[in-house]
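Here is what Swiss-Prot says about this protein:
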BINDING   H82, H183  heme b b562 binding site
BINDING   H96, H197  heme b b566 binding site
BINDING   H202  ubiquinone binding site
TRANSMEM  32-52  transmembrane segment
TRANSMEM  76-98  transmembrane segment
TRANSMEM  113-133  transmembrane segment
TRANSMEM  179-199  transmembrane segment
TRANSMEM  226-246  transmembrane segment
TRANSMEM  290-310  transmembrane segment
TRANSMEM  322-342  transmembrane segment
TRANSMEM  349-369  transmembrane segment
Amino acid sequence: MRILKSHPLLKIVNSYMIDSPQPANISYLWNFGSLLALCLGIQIVTGVTLAMHYTPSVLEAFNSVEHIMRDVNNGWLVRYLHANTASAFFFLVYLHIGRGLYYGSYKSPRTLTWAIGTVILIVMMATAFLGYVLPYGQMSLWGATVITNLMSAIPWIGQDIVEFIWGGFSVNNATLNRFFALHFLLPFVLAALALMHLIAMHDTVGSGNPLGISGNYDRLPFAPYFIFKDLVTIFIFFIVLSIFVFFMPNALGDSENYVMANPMQTPPAIVPEWYLLPFYAILRSIPNKLLGVIAMFSAILALMVMPITDLSKLRGVQFRPLSKVAFYIFVANFLVLMQIGAKHVETPFIELGQISTVLYLAHFLVIVPVVSLIENSLVELATKK
């Protein structure tokens, strides 16, 4: 054991994964960190393996994916693992963010950790979008066309930026090549950001806890207690992932992407992967192109303002009934946006999308500060009696 505390590299591992003192009362909602690290690891390993057999060319991309599926030993397994772990990654990230919002993990002194986490989310979305283009099916081509075209909303220089991204006048071979290069690069950037996220948390006050108070009253070492606790959820994760990979590998995908990309034929509905749907719904709900793009980016960056807009004296909403109601309305609204993003742009969905978009942004900018001020006042009234 002594080498763990003296060796320059091993002592870092020791301080993060063995001796790290964690609050004794953290629940299973604090297990997402290890699960997300596992997801990133799986994605990098399967991604590099796929890259060994993939050809980033508009003529060969679709066929090279079919070659991976049919001819490469266990290629189908590697590809389905990659595709379904991507979904698992986002599902767990949304739960992780939800945990952070519920328990006030964004409040000082964890503001930096929260900010880095938001950057991680943005990089994840960029990586996922780039990866979705690579199989070069119908949804890949048209999804790439629609999303890259968003840049044309920027006044004056927009169209030039779009053509710069494309490397031509439409999505072409140059586009596919650069998307492949970036999709290969960004997961490593993501790994670096995840380390920064960990360091920012570790070097301030460590994990929070369900009570929202100091964790210093009762702590336990990370090993063996929390190693074992993390392993419980890791095994559950593998079981659920296996069910998807082996029994319904295409349940979360789009059948349209099994049709080779055809620039002459637009699919009936251009829909991104399920995990980007809420933001796609926000983008589509505003008729003005530029304002839609601004709203979509604002919806992601709104997480950054939580440390400023939450004016409550208490950390988290677990002991704040009004905030708890607001939080659950926000979650329900997010799920509604996810449904609307998959629908056609027609009458009931347009209006519903606009209401949901307003409610989503209002939660961060209006509802949270107003409700927290009301609760502060009620607490003061109750304590003065």
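In case you wondered, yes, glycine gets a Cβ from its N, Cα and C as well.
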Stretch contact, the transmembrane segment (32-52) with the transmembrane segment (226-246), Cβ-Cβ under 8 Å, 3+ pairs:
yes
Any idea which of the binding-site residues H82, H96, H183, H197, H202 has the thinnest Cβ neighbourhood at 10 Å?
H202
Under 8 Å, at least three CB pairs between the transmembrane segment (290-310) and the transmembrane segment (179-199) (pairs 6 or more apart)?
no
Top Cβ-contact partner of the transmembrane segment (226-246) among 76-98, 113-133, 179-199, 349-369 (pairs under 8 Å):
76-98
Just to verify a number: CA distance, the residue listed as 'ubiquinone binding site' to H96 (heme b b566 binding site), in angstrom, no decimals.
17
List, by number or range, the same-chain residues at least 6 past the transmembrane segment (113-133) whose CB is under 8 A from its CB atoms?
86, 89-90, 93, 96-97, 100, 105-106, 139-141, 143-144, 147, 171, 175-176, 179-180, 182-183, 186-187, 189-190, 193-194, 196-197, 200-201, 204, 272-273, 275-276, 279, 300-301, 303-304, 306-307
Distance between H183 (heme b b562 binding site) and H96 (heme b b566 binding site) at the Cα atoms, whole Å?
23
Please report the distance from the Cα of H197 (heme b b566 binding site) to the Cα of H82 (heme b b562 binding site), rounded to the nearest angstrom.
24
Please report the distance from the Cα of H96 (heme b b566 binding site) to the Cα of H82 (heme b b562 binding site), rounded to the nearest angstrom.
21
According to DSSP, which of helix, strand or coil covers H197 (heme b b566 binding site)?
helix
